[in-house]
């Protein structure tokens, strides 16, 4: 609750100060202004001791907690800890984890799981460690990164433990309790109608409330970290520039009051009264400034005010702009359209571009005006990034057909009916429960998994030693490395059941689209995510988990035939999805239906509804991004955002959501078609498998008198090197260059260029079939930048 004593008024808001009754001074000096805060509620402290066993030190910690009047609960494992935090009614302010025996309890993992639990971002986590713990910087860093606040050295002296605990409660626990209650202030600031903007002492915006965001016509997070001068144009700018460093260090705060010209996301601006107040959060130097904008309330009948401030009652800046006389536009219809766009309360990025071009149109020459008119006409197109083949004269007509088939939509209709409308086999046998126990090559599997995050990982050898079940073992390993089990608060047994169920739904009879391909895409994404951490970029744990899950299921229940084939054969799936993104829609829907129908495989069941919904949206979007018909659209958007020099210290969490969306799409797209960027013999094996699947489709189309989707893939006439050259040059290479610029992984480009040169060499030698390609491999194995050959690759 708010204390009523010691209230202080800040422009635009009045907040009470947390004085105890006996501490209220009789008079506050005029120059003294104190920080507003909210009094933290006085709750009985509750603690959780996470110890795998009860020994002497456990009982001493328990006694110390009792002396400090901390109500204690006990947990023995990570699962028990998670259950205590999520199912019980208690909220634990202090959590002590036994970090002395990592073989029994992984304190860092438990701390990370606690931080991921809703409501525990401000809990105090203490690790009990041995004295030798402080000799390792890496271990200490891991604890801090996991969210541990402080460590207590193992000691059998009760007074020492009692004093340590007292200090922690008096400092960390108490301060966290105060900090957590500040959410009340932020909520209040967001709910009030006053326009408030807070900057640091360099006038860099730190916070805007919802009213300010509406006035500026921006998202609430967008102005943060930008200089105030980007939005405040006149008067205040001169005041800011006139300030000297000594002005920010005095006892008496410098206030500002005047009329300021404020601009939003367009070039137009409007004047508003603004008041500013300095604030010192610590010490005597100004640390923040609070700006209060007075927005006049406009009555519907006050035409004089409405003429100068044409605002609607929702307070959006888009409606507060002064009307513009769009001179120089050649037609009245153009002027009317531009004015209508400027008056709309909602503004899309393309609308902003049109507005800016319309304004530029006023002051340009006749020739330039004609060019702008052409640009504006192009901007009317529904899809700016839709792929269109350029007038490129490819030397090989096979490459032309291949690219055309890949980027053409699935709305290929046949004038002839097929005798068999479906190739999907719905009856798939589940693996037996003894699959893991009967696996004979377990030592070989474990040895191979040591290289699971190497780009040279031999997926085909792994497929063999796992008896064509690579997804289960590789999936469990990579999910464990990226802490998916912990972040989703789910037992490994459920994930194991889920992997078994998912892998059984991949059709082993498919030459290419089987569980080995899914495992290969999963492994590629694992490698990319590990490079993110090396470059100091990051995705949060749930985004990583979503990406890895999307890789596992992105081709689940694939029939081994293309979407165009399914449309031409009037397959039930094509009818269900209206011939639009047929396979990708099926993969996403099939995965969720399979996962949610049975608790024994439901990996989402412990997640809160909002987190599940967020993960579901990410997974579906990533699966749909693998559709090749939108390849150039996704690539163009990615390059437009990330095409320049990347700042590797910039975390993905700080990037706008749209940019993170593009990054996730490109992450799975590169992994999905990464075959040419693998070591040469791997590239050859993948080329054989995809060609075989396409050959079988072409043969079925001929047998059933259907339109042939990819005529270049005729078993009797196809040149494998030519098809690979076209695929690499016109589909893969540009995407890999953009991805390498983003992730800094040059081996992708090195392998791809080596493979392209080898395919060209084979084409010159007249090699056409995969059998001939493999025979050529036996005579001269290529070497790569690491100097090692790949003789055992397949």
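Using the three backbone atoms N, Cα and C, a Cβ is placed for every residue, glycine included.
Source: prediction; values computed, not measured.
According to TrEMBL, the active site, proton donor annotation covers 513. What TrEMBL lists as AMP binding site is 513, 514, 515, 516, 517, 555, 672, 724. Among the features that TrEMBL reports, Zn(2+) 1 binding site is placed at 517, 554, 555, 672. As annotated by TrEMBL, Zn(2+) 2 binding site applies to 555. Taken from TrEMBL, the feature domain 'PAS' applies to 181-222. As annotated by TrEMBL, domain 'PDEase' applies to 428-766.
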Quiz item: Which whole-number value in Å describes the distance between the Cα atoms of residue 672 (AMP binding site) and residue 554 (Zn(2+) 1 binding site)?
Solution: 9
Exercise. List the Cα distance (Å, whole number) between residue 555 (AMP binding site) and residue 513 (active site, proton donor).
Key: 7
Quiz item: If you count the C-beta atoms lying within 10 Å of each candidate's C-beta, which of the binding-site residues 514, 515, 516, 724 ends up with the smallest number?
Solution: 514
Practice problem: Out of 513, 517, 554, give me whichever of these recorded positions has the highest number of other Cβ atoms within 10 Å. | Solution: 554
Exercise. Grab the AMP binding residues from the record (513, 514, 515, 516, 517, 555, 672, 724) and give me their largest CA-CA distance in Å.
Key: 23
Exercise. Would you mind checking how many other C-beta atoms are within 10 angstroms of the C-beta on residue 555 (AMP binding site)?
Key: 24
Quiz item: How many of the residues that make up the domain 'PAS' (181-222) does DSSP mark as helix, as strand and as coil?
Solution: 18 helix, 11 strand, 13 coil
Exercise. Round to the nearest Å and give the CA-to-CA distance linking residue 513 (active site, proton donor) with residue 554 (Zn(2+) 1 binding site).
Key: 10
Exercise. Measuring Cα to Cα, tell me the gap between residue 516 (AMP binding site) and residue 554 (Zn(2+) 1 binding site) in whole angstrom.
Key: 12
Exercise. Sorry to bug you, but what's the C-alpha spacing from residue 554 (Zn(2+) 1 binding site) to residue 515 (AMP binding site), rounded to the closest Å?
Key: 10
Exercise. Could you state the whole-number distance in Å separating the C-alpha atoms of residue 517 (AMP binding site) and residue 554 (Zn(2+) 1 binding site)?
Key: 10
Practice problem: Looking only at C-alpha atoms, tell me how far residue 724 (AMP binding site) is from residue 554 (Zn(2+) 1 binding site), rounded to the nearest Å. | Solution: 23
